[in-house]
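TrEMBL has this to say about the protein:
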- B:207: active site, proton donor (ACT_SITE)
- B:10, B:11, B:12, B:13, B:14, B:15, B:16, B:17: NADP(+) binding site (BINDING)
- B:107: NADPH binding site (BINDING)
- B:192: L-homoserine binding site (BINDING)
- B:351-426: domain 'ACT' (DOMAIN)
């Protein structure tokens, strides 16, 4: 006879309802694969009356989400509430205290308190799984933590926010500006009413902090992530990028540098031929580079009820089947700590766009600034030549330290003929 | 104190030597991740004298590979010899008999005897792992068996042979013919001296049979794979494909159809914009479509010492860490059997190329054949118009059953003005 495992679901939003639906629809298949029938034993959500399109007849309702953990019918607790603290945290703490395994989709909570929670779960000897927290349906946590476990990872990067990628894709396709496309995205449901976490890069940074920990066996260090969003990406920069053979993407990048581990989320110019440049719309993608496996790429839907439920239930199946790995790849006691590499020490190539009055000598002035900072120019585009009319000057630099680039930008601002704040976009070559 | 686990390596070719190197180089990292130090305890290979570039001092040498399993210092047996029977099979049988877990990279053996070997391993209660057998370094077995375990898979397809993909990529880039590029590939080490298994599609079919089993929970059924290689792909077809917005790839496809499960390996025309169309050179890629996760894509190196060793050692780490899944996703007793869907019942769109004498009425004759088979034409290209000179006629059809298309081809051959055997390439839309 097949054993039954009861899950308690805290949070019945899109993801929670998706998990209920998945367990109902694919219950037989799942039972064949893990030897147990997984049943929704109990749920908790704010509004008991709301119709979520799923049948909850016979399921115990708890008004207090944290009480799920104490329900004897609940074997595994699913935290699908979200938010870095508050109820979500209380649910996880209660599960750990009750010695029940937890599955969560909560990237904010893991980015901010991951190491501490992992330590508590480990001490209690319970599984804590979070495949859904990073890149939605893509099984990237499993791939990196187990599939690539034999490799020294030198770099992991990706498109971790579907909203930003959708907006940048639409900006490139239409030539329209950020605010226009954002409004469309909100109307179409691809962006939240309050899009701050997405468009400012915070959501991607949460996910990156988790991936960095898995990749490098280091404590989760969200504070060390350099974060810039996409609100300043101008349609004109996207057009110049295309002309130069590049695409602009919001990338989240963690890499081992001679100075330590760098973690950053910001708009990047990537070669149009790179795999990551071709990921359009709401899709997510992660590239992990290992010393033996070389480059591996993972693409799929990063959000939505179905993909997220797929990841949550995969974690439940792993727990039921007894498959466990150290929560962030290595036991908590072994997790290294790393110093943040300040962004000023980042070394890379830059796209620089100035708007200048095309007076005699302006290019000489600009060039002198770069020479003084020992920044060499790879290419320079200047279009239109009408004295006393503003014209754009676009440059690509060779590799330089960001500190030098920032000093150069300061100096550009002091040139009288430079009439707009200079814009830079970092270039990533793969 | 860290425990030590001894592996016995049967076969010291590229992959075996790669595993030795990996375990030496990343031993510390691996020990942190699985709690045990993995040591090469014993090896076996044909030629003891050959320099393999790895230090084997202190490692026991067995002349008989099957004797590795009996070596008390060997906890896990790695079968890296290859071949569907013979010594490879003897090594695996010996390990199962000795109750020792086995890791293998042997797709031919699993494609031909997978279900039977899985049953024996299960009966003996030992792990049998084979991540390296499919798509080299890409952790696709783990992704499909565990990461996507909650999904009903409708289709899995991919580029599973790097040699073929390299040849097709180079043919497209250069406009040169198959035989030319194959000779180049052999010189560069991207193709074997005897390329039969690769270019005839057999290697891809081996891998597909394994993926099909995992995707559908069915017994491995290599005999049911329809196999065509790339030797007949002409430079001219690649050029037409490009003109029509397609790329030609050797795809391995398994999908659930109304008639049952279809497994096929053959050259395909895929839309140039599809993710799979952009996978160039020796890279492999797999796309798995699940009902909740939607489409997920995995890309990486499908062969070579490093990527294959990465996959082999990941399996070893899983075994040491006690992570196990049913060998093909479901227990042997639960594996379904399926009838092969004969290729004649395949339904799809076709590219058809005829070479005809451009006499009055020839297009009418061709059209009549298609009308009689109820095949409708999506587009027709005819170039050049010089009577009594051969000209190509290229057509794309709407969906039709392959049986009808084959009858149409027979009828084309009987038309006097058709002067070369007609060529077809199946079109895949995603």
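Each Cβ is built from the backbone N, Cα and C atoms, and glycine gets one as well.
For residue B:11 (NADP(+) binding site), the count of additional Cβ atoms within 10 Å of its Cβ stands at 26 [all protein chains shown]. Neighbours of the NADP(+) site: apart from B:10, B:11, B:12, B:13, B:14, B:15, B:16, B:17, residues of the same chain with C-beta atoms within 8 angstroms of the site's C-beta centroid are B:9, B:18, B:19, B:45, B:52, B:80, B:81. Annotated pair residue B:17 (NADP(+) binding site) and residue B:107 (NADPH binding site), C-alpha to C-alpha distance, rounded: 19 Å. Taken residue by residue with DSSP, residue B:13 (NADP(+) binding site) is part of neither helix nor strand, so it is coil. For the binding-site residues B:13, B:16, counting C-beta atoms within 10 A of each C-beta gives the highest total at B:16.
A mean pLDDT of 93 is what the model gives for the domain 'ACT' (B:351-426). Neighbour density for residue B:15 (NADP(+) binding site): within 10 A of its CB lie 26 other CB atoms from the protein chains shown.
Comparing Cβ neighbour counts within 10 Å across the binding-site residues B:10, B:17, the minimum falls on B:17.
Residue pair residue B:16 (NADP(+) binding site) / the residue listed as 'NADPH binding site' shows a Cα separation of 15 Å. Using CA atoms as reference points, the recorded positions B:12, B:14, B:15, B:192, B:207 were checked against residue B:107 (NADPH binding site), and the closest is B:207. In terms of DSSP helix, strand and coil, the domain 'ACT' (B:351-426) has 23 helix, 28 strand, 25 coil. Comparing residue B:14 (NADP(+) binding site) with residue B:192 (L-homoserine binding site), their Cα atoms are 13 Å apart once rounded. The distance from the Cα of the residue listed as 'L-homoserine binding site' to the Cα of residue B:13 (NADP(+) binding site) comes to 14 Å. Same-chain residues at least 6 positions away in sequence with a Cβ under 8 Å from that of residue B:12 (NADP(+) binding site) are, in sequence order, B:20, B:43, B:44, B:45, B:50, B:52, B:80. Closest to the residue listed as 'active site, proton donor' by Cα-Cα distance, out of the binding-site residues B:10, B:11, B:13, B:15, is B:15.
Around the Cβ of residue B:14 (NADP(+) binding site), 16 further Cβ atoms fall within 10 Å across all displayed protein chains.
In the shown protein chains, 28 other C-beta atoms lie within 10 A of the C-beta of the residue listed as 'NADPH binding site'.
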